[in-house]
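Below you'll find the structure, written out as structure tokens, and then a few comments.
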Amino acid sequence: MTETTAFPPPDEPEDTNERTAEVLPFPLKKDATPAAAPAEGPVKPGEWEAELPDTDDPEAEGLADGEPVDPAREVYPPSVAEWMEAKDKARLPVLPDWVKLPDQRTAVRKWAVRHYSAVVGYHAVRLPCIYTPKILIYSPRGAWRWSAAIGRWVFDAEGKPLRHAAVAAEDAAEYLKLSRQRNDRVRLRGIVATIAAFIGLAAALTLYVMAPSWLLLVSIAALTTTLGVVGAPADRPLIDLAKVTFRKRRLSSDIVIRAHEVAGLTSKDQTIAFPRPIGRDGDGWRVVVDLPYGKTFEDAMKAHARLASGMDIAPTQLFLDKDETSGRRVSYWIADRDPLAVPSGKSPLLGATRVDFWKPFPWGVDERGNPVMATMLWLSLLVGAVPRQGKTFSARTIALAAALDPYVRLYVFDGKASPDWRTFAKVAHRIGFGIVPKSGFDPVQHLLTSLRELKADVEDRYHRLSELPLHVCPEGKLTPEISRDKKLNMPLTLFVVDEVQEYLTHPEHGREILSLMVYLARVAPAVGVSVMTATQKPDDKACPSELRDQHQARFALRVGAYQVSDTILGAGSYSEGLDASKLLKSHKGVGLLKGMSDDSGIVRTYLADGRDAERILTRAAALREAEGTLSGDAAGDAPAPEVSATILDDVAAVLGKGETKVWSETIVDRLADLRAEVYGRGRSWSPSPRQKRSPPRSSRSVSARSRSAAASTASRSTSAASSATTSPP
Ligand SMILES: Nc1ncnc2c1ncn2[C@@H]1O[C@H](COP(=O)(O)OP(=O)(O)OP(=O)(O)O)[C@@H](O)[C@H]1O
């Protein structure tokens, strides 16, 4: 291979023929010329040698011994713009943000008023009933301690051990010296104490005789309080703290290194490195660490508990984040206290008049208190946890947000028939509780009917969206305008099933419910129908993976083991640092969210208890009534009796053989004869929006072409028929 050098090497002097130094050839390669032939005659051992190539690598050609193998480091001086940008980043603001920004200033002012009024109130309540009795109890002891301390001072008690030591050592000179010094001191201090006592007594008498009573009282209170404070036991302070002080300490690099050493994440000759300084981040510390080469984020995850122990904090205070820039770089957030045990507070939905379900809505906060917005657009959500951890409450907050958007159609089914979902009857298009039939109403059958109804609706939506004119539906997808157009009847829909395992394990309908739910979770979100499933049994028997896997978003509250956490969140979540088994019992409403957005992480969901839910749903029902979107069960419209055949099937069935044209009236009569319960005279059946928009070509007769159309569009017309009976008023 020939090498062409376009530019002379920088160190080589240009255009010079001057000999600056002698260049000696350094034979790296073995001489290519054949070795001199061995001398003729017999070859004895040790007299022969063969030349072996050093390497097979053709790139090694021309490589000199001792040359550096690292690529040359190219160092560019920063441009002025880069330099200024770096300076901009490093500069600290003259005034902190909370001073400059009016809303933050207001927040700080409100906080200060709230905080200090709470502190003052706390002590004001305790002053008469706790502090005063304590002062009165402790003050005699305080008086005794005070006079004892004065006595010790006057009689030079601190020199006593030295005088004893001189006696023990039989050092007469030293003893006499110390005794003389003591006598002098005692005399002087005695005089001072006597004068002070006289002054004190005179002041007391003066106060008693001359001072107004309020001053006398204040003086007595001050003296008694001082004596009470002096007399209080060291382990039981006189005044309670109005706030809890949390164990907060400075985190140093030594502590972080120690933690990695005890966690087995360092080796004998390699420790961790800190690519950036340790700093504060919210209510905690942010530490970025480069693990030794070969160690990974997954290793750090496995050592989570040992790392926390090495830092002397609770495991719930340590959070690990993957750093995408290197496999060995880990970012730690070390909270000052367990942030997950701090309740996130009431749901902001309580103060909301309405919600736009097309936009993300507040669902909770993360471990650092940053708001977490949720969205159910184009996805299905699986919620799983052990009982009593907040599974229902967290799912319900999402359904409450949906309820506050009057254009969202709600289906709510609760397998456990708990009181949690009952109030949704005010707004839900279809609703059912439990699995046991009651008063002639079978909730499982109702779920089945609703699922079939929804499946037909979803199939129909796909067709109708692709048939809508471009100016209405430019991308063939549901838009806010289409979803709110009552004539088009394609509202955003949320299908909620709590304790889904109860339905899936139903002996008679379990299999069909499963297959319908799988269909909906997989196909329906794309046309605006989202499924939210909650379960306390995410195992394969109670909630098969066939259904679980269709959920794009997952939310896992506390579970028993990391395997269960992976079952809810999806395989591989544990190695990404998501393990819901690490959550504690006290972490109510706290879970790990995955798949709702690009980021996964902790959500401390807002609380909306039963009473809050009722308030929100009353408002939601009023909103729906005003907008005219109250429908289905909430409006008292029961689902139409199910017919196995479609209208076109029935039309096809009533057309006689060889009939090419039949009057509409005749068909209507024949249909009434065929199914009196559906087409009978007393019943009013209206065409679906789709049918309304595309009337039959002949208004007076139905052509025989309908027969073949009936067969080919069977599934479509099923949905048309069902949506005709379910369209909102
Ligand atoms: N976000 C929250 N903040 C504070 N406490 C909460 C929160 N969510 C739930 N809780 C508390 O947890 C309790 C249990 O909640 P929830 O009924 O939702 O649990 P669950 O997992 O659905 O239980 P089960 O499976 O028994 O129905 C509630 O009564 C409430 O006190």
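Here the Cβ of each residue, glycine as well, is placed from N, Cα and C on the backbone.
Look at TrEMBL and you will find 1-74, 681-729 tagged as region 'Disordered'. The transmembrane segment annotation in TrEMBL covers 186-208. As annotated by TrEMBL, ATP binding site applies to A385, V386, P387, R388, Q389, G390, K391, T392. Under the heading compositional bias 'Low complexity', TrEMBL lists 696-729.
Structure coloured by features recorded in TrEMBL.
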| residue | record | contacts (Cβ under 8 Å, 6+ apart) |
| --- | --- | --- |
| A385 | ATP binding site | K391, Q536, A556, L557, R558, V559, A580, G591 |
| V386 | ATP binding site | Q536, L557, R558, V559, G560 |
| P387 | ATP binding site | Q536 |
| R388 | ATP binding site | K588 |
| Q389 | ATP binding site | L557, R558, L583, K585, H587, K588, G589, G591 |
| G390 | ATP binding site | L557, K588, G589, V590, G591, T605 |
| T392 | ATP binding site | S418, D420, W421, D498, A534 |
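Taking V386, R388, G390 as the candidate binding-site residues, the subset whose CB lies under 6 angstroms from any atom of ligand 1 consists of R388, G390. Listed in chain order, the extra residues whose Cβ falls within 8 Å of the Cβ center of the ATP site residues A385, V386, P387, R388, Q389, G390, K391, T392 are Q536, L557, R558. There are 25 other CB atoms within 10 A of the CB of K391 (ATP binding site), with all protein chains counted. Secondary structure at Q389 (ATP binding site), taken from DSSP and collapsed to helix, strand or coil, is coil.
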